[in-house]
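Below is the structure I would like to discuss, written out as structure tokens.
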Amino acid sequence: MSQASPAIRVSDLRKHFGTTQALDGVSLDIQPGEFFGLLGPNGAGKTTLISILAGLTRADAGHAAIMGHDVVRDYRQARRALGVVPQELVYDPFFNVRETLRIQSGYFGLRHNDGWIDEIMHHLDLAPHADKNTQSLSGGMKRRLLVAQALVHKPPVIVLDEPTAGVDVDLRRSLWEFISRLNREGHTILLTTHYLEEAEALCGRIAMLKSGRVVACDTTRNLLQLTNEHCAQLRLQGETLPAAWQTRLQHDADGSWRINFSEYADLETLLADLRGAGIRVLEMQLQEPDLEDVFTDIMKRT
Amino acid sequence: MSGLPALFYKEMLRFWKVAVQTVVAPVVTALLYLLIFSHVLEAHVEVYPGVSYTSFLVPGLVMMSMLQNAFSNSSSSLIQSKMQGNIVFVLLPPLSYLEFFLAYLGAAVIRGLVVGLGVWVVTLWFAPWQMPHWGWLLAYALLACAIMGAIGIVAGIWAEKYDQLAAFQNFLILPLTFLSGVFYSIHSLPPFWQGISHANPVFYLIDGFRYAFVGQSDTDPWLGLLVASACFVAISALTLALLKSGYKLRH
């Protein structure tokens with residue numbers, strides 16, 4: 001592993017299933033320590049990409065490497081460096097929580113891993129359930145166990161494939177606190193999620209996939225600036241709008257007015273015109289664009 | 001360190017945790033066969049001169065139980081993991097296809113031997129003790145379990161649903177084990193069926209294993225050993241090739 005290796009490098013990755021082109025030339029570099037989001041609608045290729053990184057799927061063409069280790073040629077090193085939390089809520093009903101984690105450690109060649117296992121169980125609130133059969137765990141607990149299993153070998157790179165799908169608010173929050181902590185401690189995180197507000201809050205950089213292609217890849221801050229559509233909602237005293245504005249303002253059902261604008265100067269002009277026409281502004285709310293707007297916008301445009 | 005011991009341990013723990021189903025049940029089944037067949041046939045059938053029917057039957061039953069349980073262990077473990085989805089737990093770690101093969105095969109062999117030993121022990125009440133040829137006994141027992149363990153891996157990987165595995169078991173494994181001279185000597189069959197039986201590798205396993213107990217057999221035990229070894233090499237090569245290619249496991 002050289003110092004310059006990205007945590008994850010994917011170059012011109014292609015994969016088809018039957019007639020579906022799941023990945024159509026995807027290239028990405030994710031640097032050590034990044035919290036990286038992978039977004040895209042269902043079927044965009046997110047899980048295929050993750051499966052190739054994990055060695056569960058073999059690419060038709062292109063390369064993927066974890067910490068500089070090719071996932072095919074150098075799979076042992078690559079898999080040692082990678083922890084994957086799969087999307088499906090899977091568990092082995094033959095074993096209890098501690099056995100599951102001990103066995104998983106063993107697969108990575110770690111014999112005496114109980115100290116670390118206790119620590120992960122503690123952080124994920126699994127300790128009280130250590131001797132419970134995995135079958136008797138709630139959905140949330142099974143999810144935590146999957147996270148714990150992905151961490152038994154202290155991988156520098158952690159991939160989470162929609163870890164919060166169908167998970168209650170409490171668990172979602174505690175999970176993100178834990179993952180953020182791992183990220184602060186230096187772990188690289190690759191996350192796919194459908195909750196865009198999560199991605200916006202957590203990820204430093206985001207790539208958007210559509211039909212197997214990267215259609216956007218930038219820092220979250222830059223992506224948010226891609227859309228400069230702001231929206232203001234106003235409650236006004238007075239019925240007749242100045243003629244110039246009648247078509248630009250939309251009347252909402254609750255009696256308020258809505259305007260979309262890209263330059264704040266527009267808003268200033270509007271307010272001046274309203275004052276000139278003797279209309280008082282009773283209330284005004286501004287809405288900043290969020291990742292969802294950007295996402296919708298990019299998906300529509302590409 | 002290699003992940004092989006952990007995967008082997010996991011496979012052992014898996015069947016041991018449900019030992020009533022995986023060990024006790026097949027022993028009871030074999031015992032029932034023994035009670036029924038030896039009761040009905042003991043007085044009427046003498047396959048080899050000087051060998052009682054019960055003494056003839058016991059090695060066949062022990063071998064049949066080993067074959068079926070070795071197959072069952074690897075195949076049911078794999079299909080369950082695939083259906084459950086927890087097969088990813090062994091696909092994500094740095095395990096090679098050879099380690100994968102050896103772990104599943106090793107556990108299948110142990111399960112086969114444990115069940116075989118169990119059947120043998122309970123049948124001791126019904127057949128007089130005779131010192132077996134330990135060398136032949138071990139050679140045939142190990143080869144038989146290994147062949148069936150490997151076939152079980154292939155079946156477990158190939159099957160996508162439980163009924164496909166059940167079909168494999170009911171239409172291939174069961175006929176092969178039943179029609180191989182467990183309950184009779186193939187010399188009692190018409191020539192045509194004798195010929196067919198000689199093409200069934202399981203016949204050699206049972207015949208050779210019986211030789212280890214009663215010192216008599218339908219064919220030369222060295223020939224059987226050769227056939228069984230060749231079978232094991234062939235089926236292992238096929239299994240390893242499938243695992244290496246990622247067939248139905250890594251898409």
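Including glycine, each Cβ sits where the backbone N, Cα and C put it.
Note: TrEMBL annotation is automatic and uncurated.
Remember, predicted model here, so these are calculated numbers, not experimental data.
From TrEMBL, here are the annotated features:
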DOMAIN    B:17-246  domain 'ABC transmembrane type-2'
TRANSMEM  B:15-35  transmembrane segment
TRANSMEM  B:47-67  transmembrane segment
TRANSMEM  B:87-105  transmembrane segment
TRANSMEM  B:112-131  transmembrane segment
TRANSMEM  B:137-159  transmembrane segment
TRANSMEM  B:171-193  transmembrane segment
TRANSMEM  B:222-243  transmembrane segment
Counting only residues 6 or more past its boundaries, what in the same chain has a CB within less than 8 Å of a CB in the transmembrane segment (B:112-131)?
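Cβ under 8 Å, 6 or more out: 22-24, 26-27, 30-31, 34-35, 38, 52, 54-55, 58, 61-63, 65-67, 69-70, 73, 141-142, 144-145, 148-149, 213-214.
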For the transmembrane segment (B:171-193) against the transmembrane segment (B:47-67), do we get 3 or more Cβ-Cβ pairs below 8 Å once near-sequence pairs (under 6 apart) are dropped?
yes
Where among B:15-35, B:47-67, B:87-105, B:222-243 do we find the most Cβ pairs under 8 Å to the transmembrane segment (B:137-159)?
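By the under-8 Å Cβ criterion, the transmembrane segment (B:137-159) pairs most with B:222-243.
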In the same chain, who gets a Cβ under 8 Å from the transmembrane segment (B:222-243) while lying at least 6 residues past its ends?
97-98, 100-101, 139-140, 143-144, 146-147, 150-151, 153-154, 157, 201, 204-205, 207-208, 211, 249
